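Among the features that TrEMBL reports, region 'Disordered' is placed at 18-38. Residues or ranges marked as transmembrane segment in TrEMBL: 68-90, 123-147, 159-176, 182-201, 213-232, 244-264, 276-298. Annotated domain 'Peptidase S54 rhomboid' per TrEMBL: 117-265, in sequence order. Per TrEMBL, active site, nucleophile is recorded for Ser186. If you look up TrEMBL, you'll see His249 marked as active site.
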Amino acid sequence: MAVAHEMEMESVNLNMEREGKEELEEEKMKGNGEGKDFPRSRKVHRIVSKWMLPEPVRRTYLERANCLPPPLFIILISLAELAVFIYYAVWKPQKQWITLDTGILESPLTYCPEKREEAWRFISYMLVHAGVQHIVGNLFMQIVLGIPLEMVHKGLRVGLVYLAGVLAGSLASSIFDPLKSLVGASGGVYALMGGYFMNVIVNFREMIPAFGIVRLLVIILIVASDMGFALYRRFFVPANGSPVSFAAHIAGGFAGMSIGYTVFSCFDKTLLKDPRFWIAIAAYVACLLFAVFFNIFLSPAN
């Protein structure tokens, strides 16, 4: 136990020494007048690297860090979700904004079991939300977590994980809750959280232990509150309301912990050359094919 404690303390000390060296380098650059605008952006990238990456690859990220291209995927998808919410809240007849109304369930974007032949609904349901609390929670998480992830991993990889969670969510809902409708981007958000969560767990000691504990506690708190709202919407909805499936949360999280983890752990590697990525893709495709078979031949909603 003493040896393990000493090793942990040594690792923390090494991290602190490296951070001190980086800060000294920045101070020297400021003193030499090199790049007046650069130190401020570098400070932002240093903060992002501490939260998103294990220590061994942080220097690589900082050496080539830039905001080109900017995190457009998360920004654009968030604006689209907000625009759809405002459209249904303002221009469509809604009794209130707090909970889901029948107007949203009649949307051509919502996933409805009886309209599964309209295949776009398996993806487009992410644009529709069940009220203020629902959309605020999803937008907050995907902006706070998604933008730093996209700064590090770029939009293509983050978009892959996000959409994999969205599709996994609707397909899982069609199997495990086949008679219920589905709205919200929780599948994509949980995919981002699942990938990040696994990355923190696997690289816990390298991602600064104190920060690692805080990250895990924050993720657990957010997941618990969001799942509580989802369970309420599913099982305790008022008699005049419409229950909504919560399976997308769980499926999105599993998609993130498989595909998301392999994507987010390959920052300095070629993703297509990592066998873990192809194993995760193969498992995902197998589940997808089973879900398609289930929906065509076995679903109670047929």
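Glycine too: its Cβ is placed from the backbone N, Cα and C atoms.
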Positions on the same chain near the transmembrane segment (123-147), where near means CB under 8 A and six or more residues out: 71, 73-75, 77-78, 80-82, 84-85, 88, 96-100, 104, 107-111, 158, 162-163, 166-167, 170, 182-189, 192-193, 196, 222, 225-226, 229, 233, 244
Contact call for the transmembrane segment (182-201) and the transmembrane segment (276-298): at least 3 Cβ pairs under 8 Å, seq gap 6+: no
Chain residues outside the transmembrane segment (68-90) and at least six past its termini with a C-beta under 8 angstroms from it: 97, 103-104, 107, 109, 126-129, 135, 138-139, 142-143, 146-147, 149-151, 154-155, 158-159, 162, 185, 188
Rounded to the nearest Å - Cα separation of Ser186 (active site, nucleophile) and His249 (active site): 6
Other CB atoms within 10 A, centred on His249 (active site): 24
Residues from the same chain, set at least six apart from the ends of the transmembrane segment (276-298), whose C-beta lies under 8 A from its own: 116, 164, 167-168, 171-172, 174-175, 255, 258-259, 261-263, 265-266
Sequence-remote partners of the transmembrane segment (159-176) [C-beta within less than 8 Å, at least six residues beyond its ends]: 73-74, 77, 111, 113, 116, 121-123, 125-126, 142, 146, 182, 185-192, 194-195, 245, 247-256, 259-260, 263-264, 284, 287-288, 291-292, 294-295, 299, 301
